[in-house]
2 protein chains.
Amino acid sequence: MAKILLNKKNLFHNLNLILKQTKSKEKVAIVLKDNAYGHGLLEIAKLAKEFGIKKAVVRTCEEARKINNYFDYILILADTNLSTYSHTFHIAVNSLEQIKQLPKNTQVHLKVDSGMHRNGINKDKLKEAIHGLYKQNLKFTGLFTHYRCADELATDFYWQRSNFRQIKEEVKNICEQLSIPLPKFHSANSSALFRINNFDEDFARVGIASYGYLETDNIFNNPDLKPVMSLWGQKIATREIKKGQRVGYGGGYIAKKDMTISTYDVGYGDGFFRLNEKHKYITPKGYEILGRVSMDNLSVNCNDENICIFNDARQLAKIHDTITYEITTKLNPTIKKEIIQ
Amino acid sequence: MAKILLNKKNLFHNLNLILKQTKSKEKVAIVLKDNAYGHGLLEIAKLAKEFGIKKAVVRTCEEARKINNYFDYILILADTNLSTYSHTFHIAVNSLEQIKQLPKNTQVHLKVDSGMHRNGINKDKLKEAIHGLYKQNLKFTGLFTHYRCADELATDFYWQRSNFRQIKEEVKNICEQLSIPLPKFHSANSSALFRINNFDEDFARVGIASYGYLETDNIFNNPDLKPVMSLWGQKIATREIKKGQRVGYGGGYIAKKDMTISTYDVGYGDGFFRLNEKHKYITPKGYEILGRVSMDNLSVNCNDENICIFNDARQLAKIHDTITYEITTKLNPTIKKEIIQ
């Protein structure tokens with residue numbers, strides 16, 4: 001059966017590098033949304049708790065409920081359906097309309113658009129939003145934004161940071177006028193955290209770096225992160241093929257010599273990206289994935305009982321013109337996870 | 001909340017076109033593996049039963065158990081862990097080793113390699129395999145193969161069919177010698193079924209055509225299949241942006257004029273393929289997905305409450321250099337399904 005191995009040592013190594021930036025475990029909020037970027041929500045929650053992380057970020061209330069026992073503080077990014085409420089939960093709000101729908105005493109993090117123009121409240125509506133929270137007896141517990149270019153060598157990052165700095169000052173003034181406590185301020189994702197020299201916000205939201213990747217330009221002095229996940233397939237069948245024989249859909253692979261090949265139980269139906277004959281992909285042990293990946297299996301020039309299909313998503317991300325996040329996150333949540341020490 | 005709408009009328013339309021080829025509902029085995037190619041295992045099982053389909057094909061015993069009440073006959077393609085057994089189940093076997101592991105009385109479909117060189121027993125090992133089934137008191141209920149090129153204009157299809165025809169004759173002889181009943185013979189997938197004029201096997205395994213697609217060369221007289229699935233996103237937030245402002249990661253989209261844009265709650269974390277600024281993708285209603293798709297959302301130049309992101313996977317398959325199967329199958333099983341009449 002296909003499985004995902006989670007390397008605990010590598011995860012802790014990455015979390016330690018993150019700690020060097022934040023200076024404190026209290027200032028790390030680990031991003032566990034989308035099944036912990038494909039790594040397994042509960043598995044990573046458990047390991048993060050063991051490491052001492054106390055804050056987590058998820059997408060939905062359902063995810064938050066599942067990990068409620070592992071953390072003191074959970075930020076829910078994209079769900080306002082608060083059928084079950086917990087004192088641990090903080091809800092991200094992206095619009096004035098959302099504020100009206102929240103039940104009394106809900107803890108709210110306002111998201112502000114500091115220049116990404118994706119989600120978040122416009123900065124000129126912030127006063128209205130904070131007054132709205134106040135009038136409706138909602139608790140204003142956080143103010144945050146997201147950078148569009150923290151991973152790219154561009155001045156955009158400094159421009160957005162400067163925007164957010166100004167926004168924070170305005171929000172402090174509004175809070176003083178209303179005599180309400182200051183919210184937690186946070187803006188840094190993984191790339192931003194490693195780009196900032198003196199991190200001074202209340203916490204950073206760290207996703208991809210925990211899992212061992214950063215998509216930043218190589219020009220930055222990137223930390224030595226180590227991928228946490230490896231994907232493994234189990235053999236279905238082995239056969240001998242002759243030189244010139246073709247393998248798989250469309251006969252996409254043509255044997256250059258007599259060879260032993262096997263199929264393994266990982267395909268694009270498992271969320272592994274479909275390779276075709278246009279791309280050469282070599283596994284960590286030097287085997288080649290032959291021709292087209294099928295929905296439920298793929299062919300490889302070996303006959304090992306189990307093979308590691310990848311232990312670093314970067315080669316695959318490059319082949320598929322995407323980012324490592326997509327390679328790991330798309331893996332089917334039903335694939336069995338095993339933690340290796 | 002994002003959702004997948006399943007168009008019952010289109011599904012039944014496709015199944016009727018399939019019936020025209022098989023001539024009988026008994027000869028259709030609907031392929032429901034991999035969450036019914038992303039359409040929802042239980043939803044499609046229920047609809048297929050309502051239509052009158054009695055046979056299904058899945059990948060695992062777990063899938064088979066879930067749909068056991070809907071079908072008389074279930075072929076399990078890639079699982080030999082038979083902890084729960086049912087008289088409905090038939091297990092595909094790809095190697096001589098697997099035969100030794102099966103409990104007495106298991107119903108077995110032998111898969112034979114007729115030229116795809118992916119899975120299946122080599123034809124010169126078939127006699128050994130059938131004798132093995134006989135000696136171990138396993139029931140030889142099926143013999144099948146898979147075509148590598150049924151969807152491409154190549155002579156490979158005729159060559160493989162001719163190979164399989166010869167294999168069937170040999171198997172008939174072996175069965176006569178052992179005085180055991182003949183197994184069901186099947187080889188046609190969707191493409192093969194529509195390429196064959198006088199279908200005469202015991203059943204066809206029909207997956208992608210049920211869902212409204214065929215990946216065959218346009219040179220074939222393709223049937224008028226209709227996509228069953230459409231993917232819908234719900235609005236998160238709306239904003240006005242000015243000409244020249246940039247949207248999303250990397251500021252990948254640059255507004256050509258002042259415009260209203262919104263984010264919707266579908267991203268690559270939901271299994272929707274990540275588009276980037278290199279590709280222009282237009283939704284069925286004529287809206288454009290702007291810049292890079294994020295993990296949990298995407299930006300569009302409209303402010304509708306809900307938008308249809310796709311109702312035909314072909315445009316996306318082309319952009320991502322893949323097949324429609326991968327576009328639908330990768331969608332996260334947790335996305336809510338709704339059947340529309």
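Each Cβ is built from the backbone N, Cα and C atoms, and glycine gets one as well.
What TrEMBL records for this protein:
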| type | residues | note |
| --- | --- | --- |
| ACT_SITE | B:Lys33 | active site, proton acceptor |
| MOD_RES | B:Lys33 | N6-(pyridoxal phosphate)lysine |
| BINDING | B:Arg118, B:Met295 | substrate binding site |
| DOMAIN | B:228-340 | domain 'Alanine racemase C-terminal' |
| ACT_SITE | B:Tyr249 | active site, proton acceptor |
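Sequence features, as recorded in TrEMBL, placed on the structure.
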| residue | record | contacts (Cβ under 8 Å, 6+ apart) |
| --- | --- | --- |
| B:Lys33 | active site, proton acceptor | B:Val57, B:Val58, B:Arg59, B:Thr60, B:Glu63, B:Leu77, B:Gly207 |
| B:Arg118 | substrate binding site | B:His146, B:Arg148 |
| B:Tyr249 | active site, proton acceptor | B:Gly291, B:Arg292, B:Ser294 |
| B:Met295 | substrate binding site | B:Gly267, B:Tyr268, B:Gly269 |
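Residue counts for the domain 'Alanine racemase C-terminal' (B:228-340) under DSSP (helix as H, G, I; strand as E, B; rest coil) come to 18 helix, 40 strand, 55 coil. Confidence annotation: the domain 'Alanine racemase C-terminal' (B:228-340) carries a mean pLDDT of 96 in the model.
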